[in-house]
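Pasting a structure here, questions to come.
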Amino acid sequence: MKTSIATVSIPGTLRERLAAIAKAGFDGIEIFEQDFIADEGSASDIGAMIRDHGLEISLFQPFRDFEGLTGELRRRAFDRARHKFDLMAELGTNRILVCSSCHPQALGGIDRAADDFAELGAIAADYGIQVGFEALAWGRHVNDHRDAWEIVRRADHPNVGLILDSFHTLARRIEPNTIRRIPADKITFVQLADAPLIEMDLLYWSRHFRNMPGEGDLPVTDFLRAVAATGYDDWLSLEIFNDQFRGGRPEGLARDGHRSLVAAMDDVRRLEPGAWPNLPEIPTRVAVQGVEFVEFATRGAEAETLRDLLRSMGFAEAGRHVSKAVTLWQQADIRIVLNEETTGFADHAYTASGTGICDVGLSVASAEATTERAIALGADLFHQPVGPGEFDIPAIRSVGGSVLHFIDETSGLSAVWSVEFRGSDKGPAPDAALRRIDHLAETMSYDEMLSWSLFYTSLFDMQPSAMTDVIDPDGLVRSQAIRTPDGAARITLNGAETHRTLAGSFLAESFGGAVQHVAFTSDDIFASARRMADLGFRPLPMTDNYYRDLAARFDLGAEALQALQAHDILYDEDARGRFYQFYSRPFGGGLFFEVVQRLDGYDGYGAPNAPFRIAAQKRLMRAKGVPRR
Ligand SMILES: O=C(O)c1ccc(O)c(O)c1
Ligand SMILES: [Mg+2]
């Protein structure tokens, strides 16, 4: 098995793409004729440049409108092929993709096409070239890999094989297991792409909306399993046409591509024993048990404000770091670390964007296995010097350059709290029945959502749920929830398209995204609200109109409605259960806390309430301003 990616999948000049593709760890590239023509170098120079980057040219493509022609048109198609074969010799590649014809004068007929390919095979043999035939989902006569395979079978030439592309097969909902019967030595090349399920014209869908395996909704794993079952162990190549990616960063996209390919191959290897024998062993997706801590970088008056807010929510200072200006605030299993150091990573984070969450710790089954899988998936390890007696907790870079730590019990890392922190003697904790972190909400640019969703779902045993739209009065925010199968760890990714939305203005200040809010689970949300009111907590005020609407939408009863309104608690239901939530007022440039209670397996996040929550937050921020420092 060798990994490859098509030049169309990555933006930039050819040189920029090659550098990014090589750095991400691919073995080769598919060269798109368009990208070759656009470059000023000669074919042999370009071939040399590609090899200088340590890459092979896995495939030259596409060769269009070949089969089914007659007379002069047919003769010209063969001439064109000879031209391309000459060019391929100069580039230094021996595989070409012929996609099924869309030519208005192309005739159908399996035998006619088979004759064309048998003749092309004979010419290709003189050049030492392998011809692969791919059924485009919108091909004029051939649009199904089963027909393309029958043509290849009948052409019966050693230089003619089949090219499989997951998009064309899966977009037409063709059963991928039909691939299992094809002999591996007749498969010339395999291309992979995913896509979100959208009802639209196949060609338009393919050319604009493909994405990396695991980023979309197509059963790419089933497709790849069927390919592996044939015994095929040659090139696996990403071919991603995506409008959003065209404006992206070459390095990030190449890294995501390689990550998606490694994760897909690893998944398939676990399902089809014997698949990809030379793929290095890596630990399986990591089980996340919950959020172990969130750490704020903060300072001075902002730190005071944050401490007051935490106290009013029932948190107490539970420990002070033995050597650093770092305190631990705790309530049941919720740990909030306030880092006021003036050197190191938290200091950098504070200097860049003021008070904010610079670090998240996840509780995992094995921190070592997590790190190993993260490295195999191309994550950036994070390290900063640790003092004597301090724990060296493994970590990687996450959203917006923040840090993600992995803590486990097996290797003793979870003892960090008792070893590095000295208990504070601040009297009994107030406690407001908050028990654990329900979810973290990360705000990012809309363009980065797929990348971070892939980050979490390829590294951890976490699945995405359907994308929802959140209407901010000043623009749309898309929200994608990701969670572990048992819901113990939940992260929502919120993608802002403009800086005028609440998420967008937070994003503008946090440079590249960050956790914007943390939601805590309450055992009894009314008890929490009452206790917090006693402690001086002031919830985000909701309007009368909101409660009148609730009365209309749900059968709650006057008393229950009054109780909700008395504490500014919002309400939602799904098919399974009920949901209660209330919010803090925003602080530190748009950060906030949330308190939730899920009943009977409610699995959402109160999305129908989001527009009213956002409007309330904006009203407050407009009235008072939320100065950062
Ligand atoms: O959109 C196209 O024309 C096109 C070309 C070549 C391919 O391999 C493909 O999958 C699609
Ligand atoms: Mg293709």
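Glycine is treated like the rest: Cβ placed from N, Cα and C.
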Pick from Glu341, Glu368, Glu372, Glu594: which one does TrEMBL list with His439, His517 for the same Mg(2+) site?
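Only hit among Glu341, Glu368, Glu372, Glu594 in TrEMBL's Mg(2+) site, alongside His439, His517: Glu594.
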Among Glu134, Glu215, Glu272, Glu281, which is the one TrEMBL gives for the divalent metal cation site where Asp165, Gln191, Glu239 also bind?
Glu134
By DSSP, what is the split of the domain 'VOC' (290-409) into helix, strand and coil residues?
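Residue counts for the domain 'VOC' (290-409) by secondary structure: 36 helix, 45 strand, 39 coil.
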With the Cβ under 6 Å from ligand 2 as the test, give me the qualifying entries from the binding-site residues Glu239, His439, His517.
Glu239
If we count other C-beta atoms within 10 Å, could you say which of the binding-site residues Glu134, Asp165, Glu239, Glu594 has the fewest?
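Minimum Cβ neighbour count within 10 Å, taken over the binding-site residues Glu134, Asp165, Glu239, Glu594, occurs at Glu594.
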Tell me the Cα distance separating Glu594 (Mg(2+) binding site) from Asp165 (divalent metal cation binding site), rounded to the nearest angstrom.
45
Which whole-number value in Å describes the distance between the Cα atoms of Gln191 (divalent metal cation binding site) and Glu594 (Mg(2+) binding site)?
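Approximately 44 Å lies between the Cα of Gln191 (divalent metal cation binding site) and that of Glu594 (Mg(2+) binding site).
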Listed binding-site residues: His439, His517, Glu594. Which have a CB under 6 angstroms from an atom of ligand 1?
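Among His439, His517, Glu594, near ligand 1: none.
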